[in-house]
Amino acid sequence: MKIPPISILSHTSESYANAISHELGKGFQHAKLVYQEWFRRGNISGLNPAFKNAQALLQNILSLTDFSFLPISQNLTDGQTGKFLIKTIDDLDIKSVLIPMQAGGTLCISSQIGCQMGCAFCETGRMGLLRNLTTQEILSQLFIAKFRLHFSVRNIVFMGMGEPFDNYDTVMHAFRILTDSHGFGLGNNRITISTSGCLEGIYRLLQETTPLPNLAVSLNAPNDELRNKLMPINKKYPLKELYQAIYDFCKQTSKQVLIAYVLIKEQNDSIEHAKQLTNFLSGLNVKINLIPYNPQSRDRFQSPEQSTLENFTSYLREKGFYTLLRQTKGQKIMAACGQLGNLELKRKKPFILPILKE
């Protein structure tokens, strides 16, 4: 029986080396060298000196390894922000966003195709959930950004398509690969996981024994009545429970939580809303990221006037909250916050992925 290929993008260095040595009966340290070369350079062309006297072993390791990553189907830029699409084997699109910065850029990656959270202001939510991404599909996004598009990745944010905690096990496995010192070697504080308020995910995260990523919470409303309308998850986890989860995360990790708040004209953008927001966030170690609403394919909302954005921001700052008003980028290529959707995929049937050896 033919041995299924071992997908290198689905493994930490330890589990990859274990899988190789299990099949060959040797080669643990040599497999780690292959892993390190692939993740740090994007190819294995520099391995020959390390395998000078073990060419047969190298060929055996390579024959057992699946080095494949998904192809780019589209690569767009508006001069400030980039967006690339990856085509999956079941003919779906994974969307990722590149945000250049002076000291290295931020890569916004997806954890699902579609999303079942149904947030009223989000194009992805209107798709519904088609399926979770695999570890290989999540890691392909970074691999392509770094080695095919030559984008300098300093930070990674799970803020693309999907609710990361709805695909918890895979996202956390990807996190461990991203932070593997023999691989990409990103620091845990360079990675942020954003949630719409999935409390099980927050509390599962607190039970992890390894260093944790940063946490962002997409809040978008300062009271239950409004949040119920904008974010259906609030009906399951109302603000009182969400507050406690944020408080517990801050206390147990000593980390500051990022609060994302999409400002929507005449919905959640008044000074009264700002007052309610400061009252809700009182006592929490947070910073606030204000995001002007971005237009979608079938709009029911609008972005506030610039004066409204500035007044809302000023009020929060006056109350002592560290607040950033995000500059709108990526609208023209549908790469801005809330725009990563494809309603044409909504009617696609689920597809069973072939199993790679893990």
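Placement of Cβ uses the backbone N, Cα and C atoms for every residue, glycine included.
Look at Swiss-Prot and you will find 101-326 tagged as domain 'Radical SAM core', backed by sequence analysis.
The disulfide bond annotation in Swiss-Prot covers C108-C337 and rests on sequence analysis. In the three-state DSSP reading, C108 (disulfide bond) counts as strand.
Cβ neighbours within 10 Å of C119 ([4Fe-4S] cluster binding site), excluding its own Cβ and spanning all shown chains: 21. What Swiss-Prot lists as [4Fe-4S] cluster binding site is C115, C119, C122, and the listing cites sequence analysis.
The secondary structure of S218 (S-adenosyl-L-methionine binding site), as reduced to three states from DSSP, is extended strand. The Cβ of S218 (S-adenosyl-L-methionine binding site) has 26 other Cβ atoms within 10 Å, all protein chains considered. Marked as S-adenosyl-L-methionine binding site by Swiss-Prot on the basis of sequence analysis: G162, E163, S194, S218, L219, N220, N294.
Sequence annotations record features per position, and here Swiss-Prot assigns active site, S-methylcysteine intermediate to C337 based on sequence analysis.
Using a 10 Å radius centred on the Cβ of L219 (S-adenosyl-L-methionine binding site) and all shown protein chains, the other Cβ atoms total 27.
Considering only the binding-site residues G162, S194, L219, N220, N294, the residue whose Cα is spatially closest to the Cα of C115 ([4Fe-4S] cluster binding site) is G162. Mean pLDDT for the domain 'Radical SAM core' (101-326) in the predicted structure: 96.
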